[in-house]
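Participant: This is the feature table in Swiss-Prot:
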type	residues	note
BINDING	Ala11, Tyr12, Ser13, Gly14, Gly15, Leu16, Asp17, Thr18, Ser19, Ala39, Gly120	ATP binding site
BINDING	Tyr90, Ser95, Asn126, Arg130, Ser179, Ser188, Glu264, Tyr276	L-citrulline binding site
BINDING	Thr122, Asn126, Asp127	L-aspartate binding site
Amino acid sequence: MSSRVHKVVLAYSGGLDTSIIVPWLKQNYGNPEVICYCANIGQDDELSGLEAKAIATGASKCYVEDLREEFVRDFLFPLLQSGAVYERTYLLGTSVARPLIARRQAEIALQEGADALAHGCTGKGNDQVRFELTYMAFAPHLKVIAPWREWNIRSREDALDYAAEHNVPVTATLKSIYSRDRNIWHMSHEGGILEDPWQEPEEAMYTLTTAPEAAPDEPEYVTVGFDQGVPVSVNGERLGPVDLLLALNNIGAKHGIGRVDLVENRLVGMKSHGVYETPGGTILRVAHQGLEQLALDRDTLHYKDVIAHRYAELVYYGQWYTPLREALDAFVRVTQRNVTGEARLKLYKGNAMLVGRRAAKSLYNPDIASFTMSDSYNQKDAEGFIKIFGLPVKVQALLEGR
């Protein structure tokens, strides 16, 4: 299983798994120096006391970096512009975060002169792929240690026993039945009752959003402004990326916006059942789509939907740092040049309804589209168009003797 390493940088969250990995690495890899790395991408109170906790478990130091601005600006907003959604509903909150975390972890490892990288991803999940593909892109020569593919710990009970045996301070209990991942974009829930896809999740599971039934009885209107596809304002107030997303999270959560229940196809071959809460991201997606309806011509809009599907797969599969993603981003950037304007949404009991949109360079022309008589569109022209457009249908019918 193991071979001696001298210094390892661990992707660290402070949860049960990564807490016990610190002494496990020392025990199984020749007592190396263990450096913990944690990226602040919007976990909030989960980061409280993290450095002290890492040291208490045996780490020599712990980096905690605030990457929220970069995460929103360089990852979430390009994702939004692309229109990527995995398997029709998942807004990719966990998937898109891993490349940034793993890249900075690898950069810290190179800076520290480490000879190994470690993560706490299970051998059944997608995250192991996302982390390790990023390691390959930025530190291909470093050894990768994935304890869940090596150790004999097979359950939460085993992990808690190991923590107690090695005096690792943890707050987890057997009552903590859900596996969660949180960042500024979303909260994910797996495990527990969700392992039966027929069972409705209990309301107590949700941590970000109000139940639609308990949401305000009056709708709330919110206007989101965009500049070339990038969100820049909420209700007329210009905000930076982080503040803008936080504002929309608060507004959306209050109205129960952004709950998704999904049985998804994991990259590693199995299906899994998860529930996601993405209040601000859902508002942004609906608003952005509404503005694109005005700004994009038919062919570009339709082909962009094709790109969005592949972009979603690329993000889900951990292929962020690839030429394909850069090439698709170049295409998306061109499509966003005229996506400047505002979209207005009506939020009510779990629904985010587009009720208005206006663009600086809108392709919608009311003089042409109106049902009233207009000199801008000669309806007689449609006759010749239909004859040409329908010619293949007519020829096929004649061939078959109809």
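Numbers run from 1 along the shown chain.
Heads up, the Cβ atoms here are built off N, Cα and C, so glycines get one too.
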Participant: Return one of helix, strand or coil for Gly120 (ATP binding site), based on DSSP.
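Facilitator: The residue in question, Gly120 (ATP binding site), is coil (DSSP, three-state).
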Participant: Tell me, how many other CB atoms lie within 10 A of the CB of Ala11 (ATP binding site), whichever protein chain they belong to?
Facilitator: 24
Participant: Around Ser95 (L-citrulline binding site), how many other CB atoms lie within 10 A of its CB?
Facilitator: 23
Participant: If you measure Ser95 (L-citrulline binding site) to Asp127 (L-aspartate binding site) at Cα, how many Å is it?
Facilitator: 7
Participant: In whole Å, note down how far the CA of Thr122 (L-aspartate binding site) lies from the CA of Ser19 (ATP binding site).
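Facilitator: One finds 15 Å between the Cα atoms of these residues.
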Participant: Other residues near the L-aspartate site, CB within 8 A of the CB centroid of Thr122, Asn126, Asp127?
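Facilitator: Surrounding the site, in chain order, are Cys121, Lys124, Gly125, Gln128, Val129, Arg130, Arg266, Val268.
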Participant: What is the separation, in Å, between the Cα atoms of Ser188 (L-citrulline binding site) and Asp127 (L-aspartate binding site)?
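Facilitator: Ser188 (L-citrulline binding site) and Asp127 (L-aspartate binding site) have their Cα atoms 13 Å apart.
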Participant: Are there residues of the same chain, six or more positions away from Asn126 (L-citrulline binding site), whose CB falls under 8 angstroms from its CB, and which are they?
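Facilitator: For Asn126 (L-citrulline binding site), the qualifying residues are Ser95, Arg266, Leu267, Val268, Tyr316, Tyr317, Gly318.
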Participant: Give me the non-local Cβ neighbours of Ser13 (ATP binding site): same chain, 6+ apart in sequence, Cβ-Cβ under 8 Å, ordered along the sequence.
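Facilitator: Listed in sequence order: Cys38, Gln43, Glu46, Gly120.
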Participant: Measuring Cα to Cα, tell me the gap between Asp127 (L-aspartate binding site) and Asp17 (ATP binding site) in whole angstrom.
Facilitator: 14
